[in-house]
Amino acid sequence: MISDNVKKGVIRSPNRALLKACGYSDEDMEKPFIGVVNSFTEVVPGHIHLKTLSDVVKHGVYANGGTPFEFNTIGICDGIAMGHEGMKYSLPSREIIADAVESMARAHGFDGLVLIPTCDKIVPGMIMGALRLNIPFIVVTGGPMLPGEFQGKKYELISLFEGVGEYQVGKITEEELRCIEDCACPGAGSCAGLYTANSMACLTEALGLSLPMCATTHAIDAQKVRLAKKSGSKIVNMVKEDLKPTDILTKEAFENAILVDLALGGSTNTTLHIPAIANEIENKFITLDDFDRLSDEVPHIASIKPGGNHYMIDLHNAGGIPAVFNVLKEKIRNTKTVDGRSTLEIAESVKYINYNVIRKVEAPVHETAGLRVLKGNLAPNGCVVKIGAVNPKMHKHEGPAKVYNSEDEAISAILGGEIVKGDVVVIRYEGPSGGPGMREMLSPTSAICGMGLDDSVALITDGRFSGGSRGPCIGHVSPEAAAGGVIAAIENGDIIKIDMIGKEINVDLDESVIKERLSKLGEFEPKIKKGYLSRYSRLVSSADEGAVLK
């Protein structure tokens with residue numbers, strides 16, 4: 001065992017003394033050391049219940065002959081960080097979390113890990129760190145939040161972001177907005193739709209790293225507690241079997257995750273996180289081109305918020321990810337999972353599917369997959385749109401650019417009435433390096449939706465979007481403006497042509513004009529000169545490469 005390097009032999013007497021100071025016995029030190037990686041925090045609703053889950057995980061570890069050691073990572077709530085400088089830290093926090101998991105596990109000689117994340121960047125961050133070690137690990141995602149209810153109508157967090165736009169144009173009163181605010185988030189869990197946190201939980205299960213039904217089992221459900229205990233027991237077996245993550249995470253496993261993502265219409269942020277996770281195994285193991293290639297294999301089969309009217313609780317009750325496997329079984333690759341059964345064995349074990357929620361492939365929500373990769377002279381390296389959440393009339397759009405050099409400028413313009421039907425809002429210098437941190441543009445997109453412009457106005461950015469964004473929102477434009485991408489050359493009034501079905505995005509300018517404009521810009525001057533974001537800005541790669549540190 002790896003932990004023998006920490007605890008075995010006369011030379012490790014000082015090490016054992018320190019462990020005994022923590023209350024561990026000689027008997028405990030004979031067992032596999034299991035790190036229980038928690039991300040409990042009192043500021044994130046998706047994480048406020050994780051103490052309970054970690055305690056239950058530890059019971060499972062003990063019961064099956066392991067010795068658990070709990071430690072914590074940070075966890076940022078994207079919703080609370082949204083719309084201000086705090087959002088610049090969200091994506092970069094993924095790398096801090098990965099480094100923390102790697103450092104703690106290696107320093108203390110853990111034989112295996114149980115990861116307990118919930119929200120957006122914490123899930124991929126923990127997995128990335130654990131992959132660097134290539135020791136057995138299993139993931140227990142914290143589970144979704146239930147939607148709230150007010151006057152017989154269901155609400156969740158995105159209702160509030162769009163509600164701000166509705167208030168601005170007089171659709172609702174401030175009192176009505178406050179009533180929705182009081183009920184939209186009724187308790188623990190990740191926001192109730194198929195936003196980034198829940199998308200990543202679903203893909204973690206699809207990768208084979210969580211037990212079946214873990215992704216969709218809700219935070220307040222006793223089944224989540226049972227899954228946590230079973231996961232604690234399971235990791236001890238995995239250590240004894242030496243079932244490493246690289247035994248599970250083959251190219252085909254990543255393809256399964258992408259197929260599930262495309263079929264469900266998950267968050268566009270998955271196109272950052274899945275390549276970043278794969279990068280820990282092999283450089284460019286998975287790229288944006290894989291999303292593009294696989295998008296032709298599956299249709300969009302589930303109408304879940306923000307791309308429909310269903311919630312995560314509906315997906316769970318319809319059969320969860322095993323049911324999605326079953327519906328897609330002609331496309332799903334047969335790969336290993338931490339459960340011990342293969343993906344197709346899990347698919348065949350499904351006893352019930354609600355086909356009103358998880359549609360059959362021959363009767364999908366949309367014929368095209370839920371995510372789309374676009375390329376053209378505006379984004380030579382690609383950009384991403386959640387086409388499953390776009391009004392079909394906006395699948396093709398041509399309009400004049402309204403250009404803003406930050407999210408703050410754009411939201412002021414939108415709420416100030418500067419945007420009219422037909423416009424293409426361009427928000428730049430918000431990429432991984434330029435932002436820095438690649439902020440989510442949820443406030444601008446929600447304002448556009450709330451003001452009723454989402455069927456006539458497109459938004460393009462080198463930043464990214466919340467999983468809760470809907471409408472013609474095209475993000476991750478690569479190369480970004482700070483790297484001299486074409487988006488930096490766009491001026492007010494330039495005509496932008498978008499064809500989501502044809503997978504194209506172009507600005508109607510001659511190449512010579514683009515080159516001339518870019519030549520006059522000079523070298524990008526970083527916005528932040530010190531601290532973590534300054535280092536991040538210098539070291540981060542492009543969005544099409546997963547925005548990983550070089």
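Cβ atoms here come from the backbone N, Cα and C positions, even for glycine.
These numbers come from a predicted model, not from an experiment.
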Per Swiss-Prot, member of GLU440, GLU480, GLU491 binding Mg(2+) alongside ASP78, ASP120, LYS121: GLU440
Cβ contacts of GLU440 (Mg(2+) binding site) (under 8 Å, same chain, 6 or more positions away): ASP78, MET82, MET87, SER90, GLY463, ARG464, PHE465, SER466, SER469
DSSP-derived class (H/G/I helix, E/B strand, else coil) of LYS121 (Mg(2+) binding site): coil
SER466 (active site, proton acceptor): secondary structure state under DSSP, collapsed to three categories: coil
Neighbours of ASP78, ASP120, LYS121, GLU440 excl. site residues, C-beta within 8 Å of centre, Mg(2+): ILE76, ALA81, MET87, SER90, LEU91, CYS119, THR196, ALA197, ASN269, SER466
Binding-site residues compared (ASP78, ASP120) - highest count of Cβ atoms within 10 Å: ASP120
Where CYS191 ([2Fe-2S] cluster binding site) falls in three-state DSSP terms: coil
Intrachain C-beta neighbours of LYS121 (Mg(2+) binding site), sequence separation six or more, cut-off 8 angstroms: ILE76, ASP78, SER90, LEU91, SER93, ARG94, ILE97
Euclidean distance between Cα atoms of ASP120 (Mg(2+) binding site) and CYS191 ([2Fe-2S] cluster binding site), Å: 10
